[in-house]
Amino acid sequence: MEAALLVCQYTIQSLIHLTGEDPGFFNVEIPEFPFYPTCNVCTADVNVTINFDVGGKKHQLDLDFGQLTPHTKAVYQPRGAFGGSENATNLFLLELLGAGELALTMRSKKLPINVTTGEEQQVSLESVDVYFQDVFGTMWCHHAEMQNPVYLIPETVPYIKWDNCNSTNITAVVRAQGLDVTLPLSLPTSAQDSNFSVKTQMLGNEIDIECIMEDGEISQVLPGDNKFNITCSGYESHVPSGGILTSTSPVVTPIPGTGYAYSLRLTPRPVSRFLGNNSILYVFYSGNGPKASGGDYCIQSNIVFSDEIPASQDMPTNTTDITYVGDNATYSVPMVTSEDANSPNVTVTAFWAWPNNTETDFKCKWTLTSGTPSGCENISGAFASNRTFDITVSGLGTAPKTLIITRTATNATTTTHKVIFSKAPESTTTSPTSNTTGFAAPNTTTGLPSSTHVPTNLTAPASTGPTVSTADVTSPTPAGTTSGASPVTPSPSPRDNGTESKAPDMTSPTPAVTTPTPNATSPTSAVTTPTPNATSPTLGKTSPTSAVTTPTPNATSPTSAVTTPTPNATGPTVGETSPQANTTNHTLGGTSSTPVVTSQPKNATSAVTTGQHNITSSSTSSMSLRPSSISETTSHMPLLTSAHPTGGENITQVTPASTSTHHVSTSSPAPRPGTTSQASGPGNSSTSTKPGEVNVTKGTPPKNATSPQAPSGQKTAVPTVTSTGGKANSTTGGKHTTGHGARTSTEPTTDYGGDSTTPRTRYNATTYLPPSTSSELRPRWTFTSPPVTTAQATVPVPPTSQPRFSNLSMLVLQWASLAVLTLLLLLVMADCAFRRNLSTSHTYTTPPYDDAETYV
């Protein structure tokens with residue numbers, strides 16, 4: 001034994017005292033073994049040596065329990081027994097109790113070693129040594145000495161069963177050697193008039209555990225909880241056993257035929273698993289003082305053992321957060337409580353949290369005489385003159401990393417430190433990003449250059465050309481956006497899929513572009529970005545078409561609005577090289593909490609003269625640029641959202657170059673779907689931009705995703721109706737989506753056939769919002785001129801239909817029809833007058849009502 005203990009680096013010693021009668025097993029609790037925190041692969045190899053005295057001769061039994069995995073298994077049996085009898089492995093159990101504590105259990109009425117005849121009565125248990133080698137290779141030992149020799153008396157235990165004991169349907173459950181059960185019972189007297197005593201007995205599989213009240217009885221039962229301690233035969237656990245008696249009946253109301261109701265909770269320990277699941281708990285109790293027979297009443301309950309993993313085995317841990325600048329960080333590990341300047345045996349270990357390789361991740365171990373071991377990467381350490389241990393880490397990167405550090409002194413006192421190293425952000429070189437709603441897809445702001453930090457709320461001079469303007473507002477951040485991005489001035493030379501986008505011809509039909517400085521008090525101050533070929537739907541595979549308008553919101557106007565397009569936002573791929581652009585429209589009124597109206601992006605890769613960029617709105621209305629090559633993102637839409645299920649859209653909104661006070665009135669009727677009025681309004685298939693008009697041109701979907709019946713490769717352009725109330729509605733593939741796809745329409749898809757490069761009107765199944773008079777702002781579109789007040793056409797007529805007759809012929813037909821109708825009316829009136837004069841008196845012989853009447 002002494003030789004074996006020499007290999008132990010740390011040893012814990014204890015004295016075992018067995019009390020009462022032998023219950024049929026010995027139980028030794030072994031505390032303070034190191035199970036490291038935040039480590040699922042931290043195992044331990046455990047071996048146990050049992051030291052016997054047989055007639056003055058020493059005998060040793062070695063048990064190999066193998067590897068302990070505290071996160072997956074709680075009960076272990078020896079894999080082998082050296083120096084024992086044939087069935088020795090069946091006589092021992094090792095159980096995890098939680099908090100780094102083990103329990104070794106051995107049957108006491110069967111001999112685990114081979115002895116000669118006549119020596120059976122001379123076998124005594126002297127001591128137990130437990131060897132626990134952790135994942136760092138450190139050997140921890142526990143030496144448990146018996147206070148008095150404990151003799152093993154092999155005998156057969158008779159089967160015991162108590163009669164006249166009331167059975168219950170309640171099962172007593174044992175977890176980590178602790179039994180817990182609550183039983184209902186009754187006493188003949190009320191609480192303050194009663195005393196109480198109890199005794200328990202657990203029987204099964206040649207095990208007999210008895211537990212009694214330490215003070216014998218509760219002399220006076222009080223209302224509420226009456227707590228008491230109990231003592232069980234065998235090993236006395238360091239966790240006390242006890243019980244609680246609670247009165248559950250009103251003080252003056254007995255239960256007829258049974259008396260007064262009580263609740264009894266019992267928690268005896270240790271309860272060995274050798275009892276088995278067929279064992280029985282007997283409870284003997286009395287309400288009139290202790291009885292020699294054990295009590296006046298008896299109830300019984302079945303016992304089952306749970307395989308549930310007990311409470312965490314991990315050592316207690318102190319947590320420290322360290323934020324550092326640069327490449328290295330240092331943490332000083334102080335001495336443990338019982339350590340002094342002369343302690344000869346000090347060990348420090350360190351590993352990164354949640355390791356996965358026991359061969360390579362546990363190399364960092366230091367002693368007073370050793371340096372940094374080989375294989376300890378990114379971690380170095382050394383003892384200082386004051387016995388503190390300084391650990392330096394390096395090369396951690398930007399993500400926080402957690403280091404687990406332990407320090408152990410000579411008497412096996414151990415402290416554990418959890419240190420979280422976080423690198424301080426370098427605000428001058430990176431643009432921080434954050435997901436404010438939890439809906440934005442990853443890489444939402446990857447278009448930002450990593451080495452560029454752009455201040456927010458920048459406004460370009462009016463003469464600088466295309467500029468994305470921002471404004472501070474109090475609207476909440478819309479869902480699916482990324483905050484923290486900064487606006488920058490776009491580059492004038494964008495590229496899209498390798499196709500260079502030319503600057504717009506200012507002499508073309510595209511309106512002149514101006515960039516006025518935002519006016520904080522103007523109700524409709526806006527900034528218009530130049531739109532190349534803004535109104536001509538070009539659907540060639542390599543011909544970029546994009547239209548972007550970014551009006552500046554007015555923080556003080558109740559009708560201010562912001563339309564922030566999002567070119568180059570990506571979704572499900574629609575076309576290989578067909579340039580498309582989606583627009584994300586936000587209402588950012590100064591005091592409005594209106595949800596954002598978002599047009600779902602569908603893999604648009606449009607080239608714009610203002611630069612390939614993706615504008616994402618945040619709580620500070622900051623915007624950021626994105627390059628033409630970008631990973632896919634997903635736009636999540638809140639309420640009041642119109643989604644375009646397939647294809648990308650080029651949406652052009654023309655805003656005034658100068659200050660205007662004209663807005664769409666919320667009381668104006670919304671145009672019907674498919675309206676083809678040549679005057680103005682949505683549904684106009686003309687390529688000219690009219691007041692109040694929003695032209696939407698579909699891109700080129702692969703295999704004509706917009707029209708499933710069209711032949712492969714066909715290009716289809718479908719204008720989409722947009723209401724003046726601010727909702728963009730689209731019917732694509734026969735489905736109309738509003739919000740999160742809550743509404744659908746069974747409108748069939750029209751197959752135009754042929755080369756449908758000319759935009760045609762599709763009749764949409766559209767539901768518009770009613771006019772709102774509430775103070776909550778709704779999204780609105782701005783016009784280049786006052787809104788048209790003439791009546792809109794209410795009958796959908798295809799724009800290409802031609803009249804069959806001339807206007808003069810139609811006029812003649814109308815007058816002729818009117819004359820014929822008038823003549824017929826006169827003839828009818830004359831006939832009625834003639835018949836009235838010829839009428840005579842009549843009497844109904846069969847009255848149509850209950851009483852007979854004469855009608856003239």
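Here the Cβ of each residue, glycine as well, is placed from N, Cα and C on the backbone.
What you are looking at is a predicted structure, and each value in this text was computed from that prediction instead of being measured.
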Query = Swiss-Prot annotates one residue of ASN650, ASN837 as N-linked glycosylation site; which residue is it?
reply = ASN650
Note = Across every protein chain in view, the count of C-beta atoms other than its own within 10 A of the C-beta of ASN345 (N-linked glycosylation site) is 14
Query = If you count the C-beta atoms lying within 10 Å of each candidate's C-beta, which of the glycosylation sites ASN114, ASN169, ASN277 ends up with the smallest number?
reply = ASN169
Ask   = By CA distance, which of the glycosylation sites (ASN114, ASN169, ASN345) lies nearest to ASN277 (N-linked glycosylation site)?
value = ASN169
Key: Structural state of ASN114 (N-linked glycosylation site), classified by DSSP into three states   = coil
Ask   = Looking only at DSSP and grouping its letters into three states, which state does ASN169 (N-linked glycosylation site) belong to?
value = strand
Ask   = Rounded to an integer, what is the Cα-Cα distance in Å between ASN169 (N-linked glycosylation site) and ASN114 (N-linked glycosylation site)?
value = 44
